[in-house]
Amino acid sequence: MEASNKLAVLLLWLVMAAATAVHPSYSENSPQDYLTPQNSARAAVGVGPVTWSTKLQQFAEKYAAQRAGDCRLQHSGGPYGENIFWGSAGFDWKAVDAVRSWVDEKQWYNYATNSCAAGKVCGHYTQVVWRATTSIGCARVVCRDNRGVFIICNYEPRGNIAGMKPY
């Protein structure tokens, strides 16, 4: 193959690779990106779906904005159930990453004893699948000074009530 043909093939390959690359978009943090995986986890244990609440979204946005300065993994202390997530700088963490981390805690939850495995956390998972919860609202903020990403979801009614099973 001539050098000019090799160059043309290489350029065509580069153009096609660039055209098919996945580019992040705002749609990767839409309400549906929070709802779909949480509702899938709920359906897996026979619990009905949750719906999006703009009231909870606004609460989450306000608190996420407060965390943008330090990106500390600290709960709001608000009146709703709450799951929070922090992802380190250098990766464009999305809604699906936060929800996956919460749902992955299922492996540590023992329904029979209504407890987490020793030394493990599973309260984020139990909040996701809490039967009484009917609505959620979430927010995501990129923290200042390259400190990572903070993601929060609020739940109403709140879950994780002591002594009660989630479903």
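Placed from the backbone N, Cα and C atoms, the Cβ positions cover glycine too.
Predicted, not measured: the structure shown is a model, and the values here were computed from it.
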Task = Pick out which of Cys138, Cys143 Swiss-Prot lists as the disulfide partner of Cys71.
result = Cys143
Ask   = Closest of the disulfide-bonded residues to Cys71 (disulfide bond), Cα to Cα, picking from Cys116, Cys122, Cys138?
value = Cys138
Task = Determine the Cβ neighbour count for Cys153 (disulfide bond): the number of other Cβ atoms within 10 Å of its Cβ.
result = 29
Inquiry  = Nearest of the disulfide-bonded residues to Cys116 (disulfide bond) by CA-CA distance, picking from Cys138, Cys143, Cys153?
reply    = Cys153
